[in-house]
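Chemist: Got a structure for you, questions after.
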Amino acid sequence: SRVVCYSNMGKRSRQRQKNQNAGRDNRDTAGWGAGYADIIKENKLFENYYKELGLVPEGEFEQFMEAMREPLPATIRITGYKSHAKEILHCLKEKYFKDIQELEIDGQKIEAPQPLSWYPDEQAWHTNMSRKIIRKSPLLEKFHQFLVSETESGNISRQEAVSMIPPLLLKIEPHHKILDMCAAPGSKTAQLIEMLHADMDVPFPEGFVIANDVDNKRCYLLVHQAKRLNSPCIMVVNHDASCIPTLEINSNGKKDVLFYDRILCDVPCSGDGTMRKNIDVWKKWTTSNRMQSLQLRIAVRGVEQLAVGGRMVYSTCSLNPIEDEAVIAALLEKSEGALELADCSADLPGLKWMPGVTSWKLMTKEGQWYTDWSEVPSSRHTQIRPTMFPQKDSEKLASFHLERCMRILPHHQNTGGFFVAVLVKKAPMPWNKRYPKVLHLKHSHTISAAQTSSSKEAPPPPSKKMRLFGYKEDPFVFLSDDDPVFTTIQSFYDLSPDFPKLNVLTRTHEGKKRNLYMVSKELRNVLLNNSERMKVINTGVKVWSRNSEGEEFGCAFRLAQEGIYTLQPYIRSRIIRVSVEDIKVLLTQENPYLSKLEDEAHAQAQKIGMGSIVLKYIPNPNNPGEPQCPIQLCGWRGKTSIRAFVPRNERFHYLRMLGVEVFRDKQGLGQKRSDGEKDGKEEAEDAAEKDEEQEEERAADKEVDLENGNENGSSESKTDCGDKETSS
């Protein structure tokens, strides 16, 4: 009987995950010409439903349907907080976009990418180019390689245009505590992280993002997206959003409930706004309205955890009022004045949208219409609920201001369909006047209690339920103030006195620590006070990696490129200031002799002993031809040589910024010159080829690490700590 019990539990759990993932699988990733077989893009029920509702302005319905049948334009977003954003934009506009403007393929002129008029600072662009077109031209193939490489480096995100709207409307500031309730696959989460790090000079913003998803496997998509941004202020958790636990924090020595300043409630939905890229929706769309109950439960749980004065954005990729305005109206009615819709009409100038509606009807899949709950026969009361109908009290309906909701129609600006509403919390929810109860999850050992400075206890063994359902994350263990690891690291790198060493954690209780990670002070507070409530999948940015032979040079831990921008402000020694030419040498030659560096860098390197180093480029404002943003690379000073430890795509990124062409043709990675010499470009390509071979060998190990929620799999390689370091 116990086996049957577990089986049923698993079935219910999987069904709940399936419901929460419905309509969200591909919403955040832009189309880029995904190749579907020809599907007839017709659905009479869909057309009849939306014609009758009158959501589309009079005379525009045919345009609306034509747009729905067209492929979705590809869109990209430049990572705004990175200091390299301007350099990437300059590279795109001056190198790739200019060439594309003059290009013709099969007699057809390619449309040049255009900036999204409503996205700030020209950081989002859209184009009609598909993968098929990109493959036909070597120039577009280079552009495609550029996009793929920069996406992996976290400098560009490929994301649907309408998916970019909710984070903008949240109005994030660096001190905000943010919850993303249904976050996978994570492109909106990435936007939230970017906004927290608006000031690159502040390595640890006061705010943080807790990104949640119900599906354990999809949480790893979330981790992958977040890891590209190398932030110490992101935590990925795995819970059902409709009952996500209330967390505690320590505030001035007292336990306090954690309320969020901003919440993104991007709920699962029927997805009829995604028909342009999710072609299956044409065949599968019905008027079952089965998602509304879940959507409302998630939204209610969100506003319960929102701080008074905070903002919550509710969004769907559905055009259906029953999933949109009906949920908002039910939420406003439940709140009894504690919530109000914000007027966002001036927040995104250039964005075209339709105001929310105040009346709608409900249609069954048999085509029968109902305008009021009183008309619904009792036999249908389980499928059709009172919350699906408009408010009948005209005075109360007017007080809701549903016209402040925003519906984006595909034919207005060549986008997907979308709905978004911004709620502001004016007072505690009426059923929640006092602080909500803080519940402890029984038998949850997803993370063991993070260790304080004195705790030495081993973690309890995982429960049978844990083993059955796959919660097998490694623990998050904070290092104590007097940990001997710090003694060597402190002296070797001469860390400044204000270095927040209590924020350093590892993923093991016993044995040698393989990697060290850092989180912000605020996330440390959350982790330490909620180890029995949360199923944490991942948090922290890697700052040091154990070096197998490093102890003979004074420190067993080398710097990790992922965390260099977080860590570098505290490092006061082992820094070599390098020039543009030095960086070209370091990134195109596998293990150059010290003498290959220019005189100034060579002299600095001679004074530093063997071991891990920081290679730092500071821009010269008097030389605009060089990159005008700082560059920091991890490196290794060998006995007679020096090298950079930088992942492949990041290395390509820096080389492009320095004007070195990086391109892999389909036959290989370029030809050697007949005289046996190589220029910088060819050396970069050779290094890239070696990288690809090594990355393939490491792929299996990285998959194992990923499944274990373990960040030990690295895109950087280990070193032998001498002159014959392996290629990174």
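Going from the start of the chain as shown, residues are counted 1 onward.
Cβ atoms here come from the backbone N, Cα and C positions, even for glycine.
Just so it is clear, the model here is predicted, and its values are computed rather than measured.
Summarising the annotation, TrEMBL assigns active site, nucleophile to Cys317. Annotation comment: TrEMBL describes Cys182, Ala183, Ala184, Pro185, Gly186, Ser187, Lys188, Asp213, Asp240, Asp266 as S-adenosyl-L-methionine binding site. Look at TrEMBL and you will find 669-681, 717-728 tagged as compositional bias 'Basic and acidic residues'. Feature annotation from TrEMBL assigns compositional bias 'Acidic residues' to 682-696. For 1-28, 446-465, 669-728, the entry in TrEMBL reads region 'Disordered'.
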Chemist: Determine the C-alpha span of the S-adenosyl-L-methionine site listed in the record, that is the greatest distance between any two of Cys182, Ala183, Ala184, Pro185, Gly186, Ser187, Lys188, Asp213, Asp240, Asp266, in Å to the nearest whole number.
Modeler: 20
Chemist: Using Cα-Cα distances with a 10 Å cut-off, which of the binding-site residues Gly186, Lys188, Asp240 are near Cys317 (active site, nucleophile)?
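Modeler: Cα within 10 Å of Cys317 (active site, nucleophile): none.
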Chemist: Would you find the one among the recorded positions Cys182, Ala184, Cys317 whose Cβ has the most company, meaning other Cβ atoms within 10 Å?
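Modeler: Most Cβ neighbours within 10 Å: Cys317.
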Chemist: Could you tell me which of these binding-site residues, Gly186, Asp240, has the fewest other Cβ atoms within 10 Å of its Cβ?
Modeler: Asp240
